[in-house]
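Reviewing the structure listed below.
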C-alpha cells in the first residue's frame, strides 16, 4: 500500500482510503468511482427497505469490491446486516478492502479473491442480497447469480454498457443480452427493459422469477433492484411479461406485443410505414410504488451526501410506477409535425382534462408517460401550438 499516494473520502457514515488516480478506469490499481455515490446511496435505502420487509438479518455479497466502499457501507450503515462478503479478483483491491474494514472498526466482513462467477457458485444459497456492479456488462455473471440466488432474495444489477442496451451499437446488445435494441427517443427505458428481460429469462432456467422493485437510468449506467422468487409456476407467469416493442419512426406510433414467441406487426396502423421491433424485453412493471415509497421514508433515517438528488429521482420513479411502457418526447412529436413546441405543463394539463393519465419520467425531462393514444396527444399539441 505504501507505493501509492493515498486519497481519503467519506460517503454517508463511512470513510475509505484508496490509491489516488488521474482518471476513472478499470486499469486503476483499486477501482473507486465518485460518480457512483448516488448509486450507492440509493442502494443503502433499497437494501434497508428490503431488510425491514424480510424482518431478519441479511447476508450481502458485494461481487466486485474494488476499494470496498459498497460492501463496507452496507455493513456500516444498514441495520440488520449479518455478514458481508466482499469479492475482487485483484490482490491489491483485497488489501485496501481489508484496510477499509479496519478503518471503520467493522466485524463480520469477509474478503475474498476469486473469479466472480466461481465465487457465487462456491457460496450457493448463502446470500440474501447479491450486488453485481461490474465495469461494463453484467451479462457474464447473471447465470451464476440466477443459479445461486436464494428464495426471496434481492438481486441488484448495474450495467454501464449503455451504448449497447440503447441501440447505438446493435450487435453487442444481441451478443450480450440476446435482444435487438432500437435507438429511439425512449432508448434508455428500452435498455432497462432489455436488461430486466434478460435477467428474467436467465433466472427462469432455474425456476426462479423476478419482481422489479426499482430501476433507473442515470448518467452512464442503468441499475435494477429485483426481488427473486422461486417456483416453476411463478416463473411461467413471470415470462408472460416478456415480449417486444414495435415502433414507427415516421409517426412515432408504438405498441407492446407480449409473449416470447408472439407474432409482431410489420405495418404501422397509423401511417402504413414499416414497424421496427425491439426485444425480447420486459413489459411488466419496472417500478414498485410501495417499495419506493418505503425507500423515501427510510431516507429520513440515513446520512446521504446526495440525498436531494436521491429523493428527486425516487419520487420521479414512484410517480411513473403505474404508467404504460415507453413515453412520448414532446419536442420529437413537434419536429415530425413541423410545429413549435408548447409548454410541457400545458400538454399535461390538457391530457388530464381529457380524462387521461399523464406523468413525467426520469428517463427524459421532455417525456410524457400517458395512456392517451398518439392521435389524441398530437391533436392536443397541435391545438396548443397554434394558440401560442
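Every residue gets a Cβ built from N, Cα and C, even glycine.
According to Swiss-Prot, the feature S-adenosyl-L-methionine binding site maps to 40, 70, 88, 115, 116, an assignment based on sequence analysis. Counting every protein chain shown, 13 other Cβ atoms lie within 10 Å of the Cβ of residue 115 (S-adenosyl-L-methionine binding site).
The Zn(2+) binding site annotation in Swiss-Prot covers 248, 251, 268, 271. Taken residue by residue with DSSP, residue 271 (Zn(2+) binding site) is part of neither helix nor strand, so it is coil.
Marked as domain 'Trm1 methyltransferase' by Swiss-Prot: 7-381.
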Under 8 Å Cβ to Cβ from residue 88 (S-adenosyl-L-methionine binding site), same chain, six or more residues apart: give me those in sequence order, or none if nothing qualifies.
64, 65, 66, 94, 97, 112, 113
Compare the C-alpha of residue 70 (S-adenosyl-L-methionine binding site) with the C-alpha of each of the binding-site residues 248, 251, 271, and give the closest one.
248
Sorry to bug you, but what's the C-alpha spacing from residue 271 (Zn(2+) binding site) to residue 115 (S-adenosyl-L-methionine binding site), rounded to the closest Å?
52
Counting only residues 6+ away in sequence within the same chain, which have a CB under 8 Å from the CB of residue 248 (Zn(2+) binding site)?
254, 268, 270, 271, 273, 274, 275, 276
If you count, for each of the binding-site residues 116, 251, 268, 271, the other Cβ atoms lying within 10 Å of its Cβ, which residue has the minimum?
271
